Each structure stands twice: as structure tokens, then as C-alpha cells.
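*Asks:* One structure is given below, represented as C-alpha cells, and several questions about it will come after.
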Amino acid sequence: MNASRTVIAVLNGPNLNLLGERDPEVYGTATLTEIEKLCLETADRLGFDVDFRQTNHEGVLIDAIHEVRRTAAGVVINAAALSHTSVSVRDALAVVDGPVVEVHLSNIHRREAFRHHSFVAEVADGIVTGCGARGYAMAVEHVAHLAAEEATA
Ligand code: DHK
């Protein structure tokens, strides 16, 4: 595997810094720090490092995608509300070299109609939705699997 592409970027959008205190019945009780730890442990087990970030700003999220798009082995992204609104985030993800897996803590299809469509989903290789914090581990695992597959292709 290419040594410069062993990092999985895990990118988080608006309001996810409030996990643990924000609507725990919808998003669960795990904090973003706990989710970061879960991602680090999962990736480490599979031989990858993690670059874990959160921002409340669309442009900062796009800059983060640009920053990692050529260097990361793949991207796990919970763009949160921006998933439903941002063509710019979608377009940035479309030019990521490695696999992209979208994750949502809640099952967006069981919620309000405005959450049913995700621009991110249009450019994602996989989607994990409704599996809570564990969904991040599943998404990291899948990115690692796809990245390893790509590296041996
Ligand atoms: C997180 C949010 O903040 C919402 O805006 C999305 C997503 C769902 C989640 O379930 O992780 O609609």
C-alpha cells in the first residue's frame, strides 16, 4: 500500500460538537471525543491512522475535504445538516481520490422528509445511517476495506 495514503479522514459537520448533550434520544449519548476514540481504535486495528475533524462552517469543511482529497486513503463523512443542503460539499467529495463513506448517527429515512435526501449520498461509495456511534466504526472499516482493495488492484 502507498505509504502516504494510510490515513483515513473522518470529517464531521455542524452541531456534532454537541453530541452527548444534543437530543440524546436521536443521536445517542456518545460524545464526539468518544466517537473519535472509537474511530482511532477501529482504524488502528486495521493498520490505518485517523485524521478526525469537526467544523460548524461549510467552507471549512470544503477546505478540509480539499486538504485530504489526495493524501487520505479514504474519507468518512458525517456532513450533518449540510448533507441535505450543500451542493458544494457534494462537489468537493466528488474529487476525492479514495473511497468516501457517508455516516449518520440517526436513520435519516425515519425522520423529517427534509432529511431524506442527501447530496453526499450521490457521491458516496457507501452509507451507514441509524447505527449510532457504532456506525462510525462500520464506516471506517468499510473505507479501510475499499482502500486496501484499491491498493492491491
Ligand atoms: C446529524 C445531523 O446534525 C442532522 O442534521 C442530520 C445527522 C442527521 C446524523 O444523524 O448524524 O439530519
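Cβ coordinates are placed from backbone N, Cα and C, and glycine is handled just like the others.
In case it helps, TrEMBL gives these features for our protein:
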type	residues	note
SITE	R22	site 'Transition state stabilizer'
ACT_SITE	Y27	active site, proton acceptor
BINDING	N78, H84, D91, L105, S106, R115	substrate binding site
ACT_SITE	H104	active site, proton donor
*Asks:* How many other Cβ atoms are found within 10 Å of the Cβ atom of S106 (substrate binding site), counting all protein chains shown?
*Replies:* 18
*Asks:* Around the Cβ of H84 (substrate binding site), how many other Cβ atoms lie within 10 Å? Please give the count over every shown protein chain.
*Replies:* 16
*Asks:* Cβ under 6 Å from ligand 1: which of the recorded positions R22, D91, R115 qualify?
*Replies:* R115
*Asks:* Among the recorded positions Y27, N78, H84, D91, R115, report those whose Cα falls within 10 Å of that of H104 (active site, proton donor); none is a fine answer.
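*Replies:* Neighbours among recorded positions, in sequence order: Y27, N78.
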*Asks:* What span in Å does the substrate site cover, taken as the longest CA to CA distance among N78, H84, D91, L105, S106, R115?
*Replies:* 24
*Asks:* Which site among R22, H104, R115 has the most other CB atoms no more than 10 Å from its CB, taking these as recorded positions?
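*Replies:* Compared across R22, H104, R115, the most Cβ atoms within 10 Å surround H104.
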*Asks:* For Y27 (active site, proton acceptor), find which of the binding-site residues N78, H84, D91, R115 come within 10 Å, Cα to Cα.
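*Replies:* Matched binding-site residues: none.
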*Asks:* Please report the DSSP secondary structure of R115 (substrate binding site), reduced to three states.
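*Replies:* The residue in question, R115 (substrate binding site), is helix (DSSP, three-state).
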*Asks:* Measure from the Cβ of N78 (substrate binding site) and count the other Cβ atoms within 10 Å, all protein chains considered.
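*Replies:* 25, counting other Cβ atoms within 10 Å of N78 (substrate binding site).
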*Asks:* In whole Å, how far is R22 (site 'Transition state stabilizer') from H84 (substrate binding site) when you measure between their Cα atoms?
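*Replies:* Cα-Cα distance, H84 (substrate binding site) to R22 (site 'Transition state stabilizer'): 19 Å.
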